[in-house]
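Feature annotation from TrEMBL assigns domain 'DDE Tnp4' to 89-193.
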């Protein structure tokens, strides 16, 4: 654990809160708290890692029972009328300064980044989060290497079993995550396809 006897615990936490709330640089905090840039960097890494370690299991725990997944699916059905949806998945590039030995961080948009891959529920709350993959990696490959996907393939995600859409249906339909065209199809991954149609104007006369 990092510790600097010249910096109080209160200052540790306050500096981290300012950093997270404002997005200011380490250099800005260096002047505010009158400690070295490397010290500020270590403080923020230590505090944010501690916050994550202590709160992730309470607020960011991956659903581990069928009932918890059903609750997410009920939310999608209520808001979107989409049945048996376990979450929406997508990736987001987070821009960063050019790091050393950084070829792997250079993405197809031609800037340096790391990738955040997330699954959210119908109210945009995180269900699963994976952050830190190289910018060059595509969303589908990041998903296939994730804990979420491995649990899904191994059958240990405890998602609901396939069932009919309604009382009159005899076809069992699986629960699915939804994503864009960048993800490959799977029994439990449904793709949203955007279909563009040309509008035609007609002049109707008597």
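Each residue, glycine too, has its Cβ placed from N, Cα and C.
Just so you know, TrEMBL annotations are computer predictions that nobody has curated.
Predicted, not measured: the structure shown is a model, and the values here were computed from it.
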Secondary structure tally of the domain 'DDE Tnp4' (89-193) (DSSP, helix then strand then coil):
17 helix, 38 strand, 50 coil
Within the predicted model, mean pLDDT of the domain 'DDE Tnp4' (89-193):
90
